[in-house]
Structures are given as C-alpha cells and as structure tokens.
Amino acid sequence: MAKKVAVIGAGVSGLISLKCCVDEGLEPTCFERTEDIGGLWRFKENVEDGRASIYQSVITNTSKEMSCFSDFPMPEDFPNFLHNSKLLEYFRIFAKKFDLLKYIQFQTTVISVKKRPDFASSGQWEVVTQSNSKQQSAVFDAVMVCSGHHILPNIPLKSFPGIEKFKGQYFHSRQYKHPAGLEGKRILVIGIGNSASDIAVELSKKAAQVYISTRKGSWVMSRISEDGYPWDMVFHTRFSSMLRNVLPRMIVKWMMEQQMNRWFNHENYGLAPENKYLMKEPVLNDDLPSRILYGTIKVKRRVKELTESAAIFEDGTVEEDIDVIVFATGYTFAFPFLEESLVKIEDNMVSLYKYMFPPQLEKSTFACLGLIQPLGSIFPTVELQARWATRVFKGLCSLPSKETMMADIIKRNENRIALFGESLSQKLQTNYIDYLDELALEIGAKPDLVSFLFKDPKLAVKLYFGPCNSYQYRLVGPGQWEGARNAIFTQKQRILKPLKTRTLKASSNFPVSFLLKFLGLFALVLAFLFQLQWF
C-alpha cells in the first residue's frame, strides 16, 4: 500500500489532492515552483515561464455552487460568478480550514520523476527537486501530477502567410493582462474561445476597432439563464443529461441550436458554428453580442494572408491599418520532468485511462489530474479524480487489465471525436455529469436515485431535476459528509444571498400567478370536456 505521495503543483488540483491524501491517511508532500498557491487563478502582472497566466479581469465561467469542493461550500455572500481574486480567496480559506499549507514546499521545482529499479514490485518513484539552486532526491510510493495544461502557448504562425511582413505588434493571449497601452488601436483577435471573447470585449471599450477572426464560429451563452439563475444550475441536471444521452443526436443538436438562438440569432451576428458535431463547447460571454451590435467588434472569417499592415480574409474582404494581433489560439502542454514513455503526448492528446492513469504501468501508483476539459466546472471534476486516485494508491480500488484500459481509451476517443470533433481545443473534452458519475462509481460515491426515491423522495427529486453539484457525491460511500443533504437543500439560499442587497416589500404576485395558473388549467379541462361532446 502506498504511504508517501508526491503532489506536483499547488493549484486547484494540487490543493484538493493534498486534502484527499490526508483524508485517506496518506503522507503527501507538494512541490510548488512558485511562492504561493492558486496556480492558474493567481493573477500576476508579469508572465512567468512554466506557469499558467491569466488577464486581470478574468471571471469564472461556472457558478460558485457548481464549482465548490463537495464538503466545503463557498461563503453565501460570495458572488455567483467570481473574479479570480475572489476564487483565490476561497482556495486560501480552504487551505487554511484543512491545514494544507504545511504539506507544501514552495519555490521548489521538480526536475525529474523516474521509476525506481524495483518498480515492478515496489511501485516506487524517485523524485528529484531543486530549490535555491540545490537539488535533492526523495523516494515516494505514489505520484500525482497536478501541473495543469494551460502553460505552453500555441501560436500557429505557419497558418498565417505574411506574418513575417507584418509590422505591427503580435502576441499570444497568455501575454495579455489588461488594455493599458492598447488604447486607440485597431486590433485583430484570432480565435473565438472564452479568452478570445473576453479580451475582444475588454479591448473594444478602449480600442478604435476590434475584429474577431474565427474559422468555424461558436455558440455564445450568457452566464444568466432562466429566471436569472446561473446557466450551469439550469443546464447541468441529471434529467437534462439523460435527455441528451437518449434522444437521437440530430434532435439534441437541433434542440441545442434552438436554445442557443433564443438569446440572439447567431447567424445574423456571423457567429453560427460551421461544424457537424453534436457538442461544441460554447463561449460564455455576457457582453459579446452587445459589442457586436454597437459595432465596436466585427466578426470576420479566417485570415488568409497578412501584409505589412492589413489582414486579408478568406472571403476576400480586407481590413487595413491593423496595429495589433492577439493570438487566442489555445495551449499545448508537456511534462519535462517525466520520461516521454510514461505520459506520451501526441497532437495534444494523452493515452491515459479515464484521463488519469497510464495503462502500461505494472503498479498503479501514478496519476495525472486535471488533464481534461469538461463541459462544466473543473473543480468538482479534479476532486473526484483525486478521491479515486488516492483510493487506488491505498489498494482500496483497483484498475482493470492493461488491455481493458487501452480498449477504453480507444473507445472514449472515438466517442469524443463524434461528439466534439478534432480541433486542438476539443482534444480533452468530455461530457460533464457522465464523467463525474463514472468516477463516483469507482469509489462507491454515486448516489442511487432509486434507493433515495423510497427513503428520501424529496432528496431524490432534487438529485434528478436539480443542479448536479458536487454535494451529491458526499451523500453515500467513503468520505460521506453529514452536511451534504442540507447543502443541496440550501443552495438556492446561497445563490440569492449576494443578489438581495436591496430590501423589497413582500411580493403579492404569487396569489395572482397561482390564480392565473388555476384558471388556465380550468379552461383546459372545460375545453377537453367540450371536445368530448363531438364524439
């Protein structure tokens, strides 16, 4: 059984891995190359090599109730969508609550992770680290890689003929921090992901003109959904997930298109996606349609060629006097401290069982966390990954044979291509609730809805028709939390708390609304009875 665990990285995945190790009675040591926790979500004015980078205005795309760890709800006064600084505050509260900082060695870089000579029998690893120009070696029973996949910028310059002639400024979105210095410029943003849209919207308030160039377009969603609730509280329910899984794909695709176009007609705005795939990760942006409507952002097709100061697009249109090009073209990733044969990366893909375990190892003592792009919050996802990994390390859960794992990897990749396509940004894409349930099933934490229907029907209804948040995976099994049921029933209270900052008189709309519904139902009954007279 593993005892000593090396955790590489003190971002979101690293912090929750530390907690899960402690929960399972393991002895973790976390190596963090910087001076603080938070990883991607800790904003710094300067870009650092080997570390993820964000712009100052980043807001979460998933709401607080869908993003919190399963036994630690966010404070009720926190906004529903958090600025990066507020999310970092939550991580600090979390780390302090569970006393995690004592396990972290800051400003320590992992140089190498190698199997010990007796790995086939011991499953142990030799980890070499460096701190203050001094290297040290230590032996661990298991390793959890939590270093993320938003580190190496992808800038496909070869796809932009004439870039060498361009006399303006160009850079990857990783280098963007805020609009300072770009006021009054004519700016071209390449890409239509979340970062591209955020940056374009922010720049459009300061620049002379902003253009977005997109090859295939994208659906755009608001964070605000029905009745003003966060989008993911409405979208991610077991009921809606079931419908998406059982209905024919073309029907689901049509339904989603109708839903997306309810906010605005994407075709009229030049944003309608040109792909045949069922699911393409939508862009979450509340302001993009407005900025297009104002004319401060113009949507263009793919760039065919660049000149010294102009962009020529594939439809033949030309935009002159371009000052700046921002490449919001995604990321690739690498693990320089690992042997290539351990986690082989090909075309931004890794062959890991359920995105976590290398299938070829004799002992299951190594796991990658967070190498996934769920259509939902990454935080509950990596938490379940960590809960499973630590139980595998302890020998409480086991992995199938190498052949079974390889077959699963191949099948999963085929399904991913059918659903999401093969673009760079889709290589790690997966369905949200399905994947969470898979992991929960492995550790015995998936709630049995039929069982709850008999012993706690109110809870069963919440589980099936309500938001599928992380609390559901603390109701049963190992790590069961006695506060999980209450957290599920009080989530609406925590959603509304930061919104109700102005006291209002009690609304009298309910009786009127109820009366109208009653009269409507009565009218339907009368119409039905009247119809029967004609038979």
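Every residue, even glycine, has its Cβ placed from backbone N, Cα and C.
Swiss-Prot lists Gly9, Ala10, Gly11, Val12, Ser13, Leu40, Trp41, Asn61, Thr62 as FAD-binding residues, and of the candidates Glu32, Glu48 the one it assigns to that same site is Glu32. DSSP gives Gly9 (FAD binding site) a coil state; it is part of no helix or strand.
Non-local contacts of Ala196 (NADP(+) binding site) by the CB criterion (under 8 A, 6+ apart in sequence, same chain) comprise Ser173, Val189, Ile190, Ile212, Val326, Ala328. For the NADP(+) site, whose annotated binding residues are Thr60, Asn61, Ser195, Ala196, Ser197, Asp198, the maximal Cα to Cα separation is 15 Å. Between the alpha carbons (Cα) of Ser197 (NADP(+) binding site) and Leu40 (FAD binding site) lies a span of roughly 19 Å. When the Cα of Ser195 (NADP(+) binding site) is compared against those of the recorded positions Gly9, Ser13, Leu40, Lys492, the shortest separation belongs to Leu40. Each of the recorded positions Leu40, Thr60, Ser195, Lys492 was scored by the number of other CB atoms within 10 Å of its CB, and the largest score is that of Ser195.
Reported as a whole number, the C-alpha separation between Ser13 (FAD binding site) and Lys492 (SUMO cross-link) equals 27 Å. In this record, FAD is bound by Gly9, Ala10, Gly11, Val12, Ser13, Glu32, Leu40, Trp41, Asn61, Thr62; the longest C-alpha to C-alpha distance in that set is 26 Å.
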